[in-house]
Amino acid sequence: MTDDTRAVVLASGGMDSATAAYEAQTRGYDHLYLLHTSYGQNTEDREYECASALADHVDAADFLHVETGHLTQIGASSLTDDSMEVADADTDSDEIPTSYVPFRNANLLSMAVSYAEANDCGAVFIGAHSEDFSGYPDCRPAFFDAFQGVIDAGTKPDTDIALVAPFVEWSKTDIAERGVELGVPYADTWSCYRDDEPACGTCDACAFRLEAFQRIGERDPIEYAERPTYAE
């Protein structure tokens, strides 16, 4: 029987998923089950540390770390393939970036739904936002709507799991503003695609993050090798 106080949160170690966890708590999900995956990404050790820290911050009911090495074997992403370079930031581009991991969210959500069903959770939270789906096809609202249909068709009759993407129509700036309001510990989050410490400051992930903090007038608490001004 589904328990509407329990939710799985896909915890990447980044600021979006951390904010999603705190948002879930404000919506009455008092028992959070955090799922973190390592798939050979360049900064997987740092991301794991941050996801583990988030589990402590929210007093998670459980923290599950899963190795998904098949995404490294598949390759075709600069996050997992050493033959591909992580490109410098181009926040105005509408092209699919080299950091796109083919159909990653379908893989991660499938595991999250299994985890949710096994623990009678009423929801799965993912921190995708509007600036993600401009470049990543599996972050689009239509994808999440379709995946909700997969959940409904493929789980037990007495299972009722909602796929919640609370920020799918929000910008990164909106998320940063909400997170500051909720007291999200952004010092314990990581976004950089290139480096474990300090963050590079020049990849897409760093650029969107820095721009968000600059737009709300807050200093990003993590260290950067470079800290360019992205907000005009």
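Residue numbering: from 1, along the chain as shown.
Cβ coordinates come from backbone N, Cα and C, glycine included.
As the structure is a computational prediction, the values presented were derived from the model and not from experiment.
As recorded in Swiss-Prot:
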| type | residues | note |
| --- | --- | --- |
| BINDING | Ala11, Ser12, Gly13, Gly14, Met15, Asp16, Ser17, Ala18, Thr19, Ala20, Ala21 | ATP binding site |
| BINDING | Cys192, Cys200, Cys203, Cys206 | Zn(2+) binding site |
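In this structure, Ser17 is the one among the binding-site residues Ser17, Thr19 with the smallest number of other Cβ atoms inside 10 Å of its Cβ. In three-state terms derived from DSSP, Cys203 (Zn(2+) binding site) belongs to an extended strand segment. Considering only the binding-site residues Cys200, Cys203, Cys206, the Cβ with the fewest other Cβ atoms within 10 Å is that of Cys200. Gly13 (ATP binding site) sits 11 Å from Cys192 (Zn(2+) binding site), taking the Cα positions as reference. If you count neighbouring Cβ atoms within 10 Å for each of the binding-site residues Ala11, Gly13, Met15, Ala21, Cys192, the highest count belongs to Ala11.
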